[in-house]
C-alpha cells in the first residue's frame, strides 16, 4: 500500500524539484534515486539497457537498415496488402445495394386488413385528429398484399425485394445492418488479441477460410434470420482480415514510408466504393453480387506461403529461430551481403537462439501509466469521428438512395485522404488530428446553432427563402463535417498503430477499430428507432468533439519516430509541445525506461537521498536537478 501511494504521488506531483527535510522522505527523492538503482529484470516484454540483445529490438534503426531498408522485398509485400483492400471495400459498402430500400407501389390492396381502418375512425371520434392523420397515413400506405418494387442501386432484386421487407418487416433490414457491424466489433477485439498471441499470419489465414465459408453460404440464405446470422460471422472474419493486413503493412515499413503506404491503402478502399455501383449493375441479382464479392478471397489463400510472419513480432516475442530464417530470406531478396555482418546483428542473434518465446496480451495495457490513456483518447476520437460522420451524412442524404449521393460520399472520402498527406506532413500526426477535429467541431456547432439563429433573426420575411438559406448552409456544413470527420477517423486508427507497441499492436489497433464500429452503429440504431432522438444524439457527439480537442494535445508525436517494440518503449513515447512557447518538462527516453520501472522496485532498493549516493545528474519528479 505504501509503495502504491508513493508512486501515485510521484507520477502526479509537481514538475519542479521539491526541497524538504531528509526525514520527510520528499517526493523528489524517489525520482532522484532512479538513476542510482540497480537495473531490475525487464518485465512485460521490455528491454532494459543491460540486456545483451538490445540491438535486435531496434528494428527501425538497426535491423531493417541492415537488411536493405525498405527494399524490393518489403515493397512487394506491402503491395500484396493493397490487393485485398478492394475486396474488403466491396463488402464494407455492400449494404447500400443488398439492403437498399426500393421505391414501391401497391399493385393489389389488401381488402382483409380492416381493423386498422377502424382504429383510425376511433381516433377521429375521440377528437385526436393529429394522431389519426399520422396513424392513418402509415396504415393506408402498408395495406397491400402485392407490391411493385423499383431499385435504384443497379440491381433487379435485392434482399428487401426478395422477402418483401417493407412496412412491418422493415426492422429486419436494420437488424441485418446491425449484425454486420456487431460482428466486426467482436472480430476486431478477439482476433486482435489473437494476432498478438499467435501471430499475424495464422489469424489472416483462418479469417480468409472462414469468410469464404460464411460469405458464400450467405448468398444461399433461405430466410432473413439465416442471412443476418451469417452476416454477423462475415463481419467478424472481414474485421480480422482488415486488422491483420493493417498491422502487417505498418510493421513492414520504415518511419518515412508508413503514412504514405497506409494512405494508398485507404485510397484503394475508396476506389472500391466507387466501383461498387458498376459491379452491382453487372451482377443484377443480389446473390450473384454476394458471390462475386466473396469468391475472389480464394486468391488470398496462397498468402500463407507468399507472406511471412512479421519480423518485428518474431524478434520481440523471441521466436529467434524463425526470425533468423526470415532475415536471411529478406537479405537475399534485397541483394544484401550478410557475410560481413558489420553491425553484429546475426552474431547477436546466434547467441539468443535458445531463448523461449514469450506471449503478450492487450490486457497488459491496464498496468501502464501513459499507454492506456493514449489508447483511450484515440478510441474516443475514432468513435466520435465515425459517429458524427453519420449525422452529417444524414443531413445531406435525407433518405435518398440515388447514385448521385453515393458518389458524393465517395468523392468526399477521396478528397479527405488526399488532403491528409500535406496536412500531416506539415503539422505531424498530432497537429493534423487536432486540426481536423477542430474543423469537425466547428462544422457541427455551426450546423446546430447558426441555422436556428438564421431562422430567428433573418431579414427575409418569406419563409420559403429562409428555409432555402437554411438548407444551403446545412449542406455546406455537412460536407465540411463529413470531410473532416473522415480524416479524423482515418488518422486516429493510424495514430494508434504507431503508438501501440509491437507486442500488443494487434489488440491496440483492434480496440480503436472496434470503437470505430461503435460509431458506425449509430446509423442503423437511429434508423431502427425511426430517427427519434437524432438531435440529442448529434449534440452528444458534438460535445465529444470538444472533449477530444482538449485531450489530443496530450498525445505524443510519432512522426519520423521508430515504432515502439515493447510496452516500456510505448510508455517512453514523449509529448513534445505543439507551440514553440509551450512550457513543458520532459524525460529523456533512457530516463523514462528507468522511471517506468519504479512500480516494480521494492522500497528497500530505493537509494536514500540523504546518504550521498545519489548521482549528480539525477532527476526529481522528471526534472533534471543539475
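Cβ coordinates come from backbone N, Cα and C, glycine included.
Annotations in TrEMBL come from automatic prediction, not curation.
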- Pick from 380-403, 404-427, 572-595: which stretch is listed in TrEMBL under transmembrane segment? 404-427
- Annotated transmembrane segment segment (source TrEMBL; candidates 121-140, 141-160, 201-220): 201-220
- Query: Pick from 88-108, 256-276, 319-339: which stretch is listed in TrEMBL under transmembrane segment?
  - Reply: 256-276
- Message: Do any residues, 6 or more residues outside the transmembrane segment (535-555), come within under 8 Å Cβ-to-Cβ of it, and if so which ones?
- Response: 373-374, 377-378, 380-381, 383-384, 387-388, 391, 429-430, 433-434, 437-438, 440-441, 444-445, 448, 495, 499, 522, 526, 575, 578
- Message: Please report, as numbers and ranges, the same-chain residues at least 6 past the borders of the transmembrane segment (475-496) whose CB is under 8 Å from any CB of it.
- Response: 246, 250, 258-259, 262-263, 266, 375, 378-379, 381-382, 384-386, 388-389, 391-393, 395-396, 409, 412-413, 415-417, 419-420, 423-424, 429-430, 432-433, 436-437, 439-440, 443-444, 446-447, 450, 508-509, 511-513, 516, 519, 555, 558
- Task: Six or more residues out from either end of the transmembrane segment (288-306), which same-chain residues have a Cβ under 8 Å from its Cβ atoms?
- Result: 80, 83-84, 87, 90-91, 94, 97-98, 155, 201, 204-205, 208-209, 211-212, 215-216, 218-219, 234, 241, 279-280
- Query: Any residues 6+ beyond the ends of the transmembrane segment (201-220) with a Cβ under 8 Å from its own?
  - Reply: 91, 187, 191, 194-195, 227, 230-231, 233-234, 236-238, 240-241, 243-245, 248, 287-288, 290-291, 293-295, 297-298, 300-301, 303-304, 307-310, 506
- Residue list, the transmembrane segment (404-427) vs rest of chain: Cβ under 8 Å, 6 or more residues beyond ends. 96, 259-260, 263, 266-267, 270, 273-274, 277, 393, 396-397, 434-436, 479, 482-484, 486-487, 490-491, 559
- Which one, 178-195, 232-250, 256-276, has the most C-beta pairs under 8 Å toward the transmembrane segment (503-523)? 178-195
- Query: Any residues 6+ beyond the ends of the transmembrane segment (178-195) with a Cβ under 8 Å from its own?
  - Reply: 95, 202-203, 207, 228-229, 231-240, 243-244, 247, 361-362, 506-511, 513-514, 517-518, 520-521, 524-525, 528
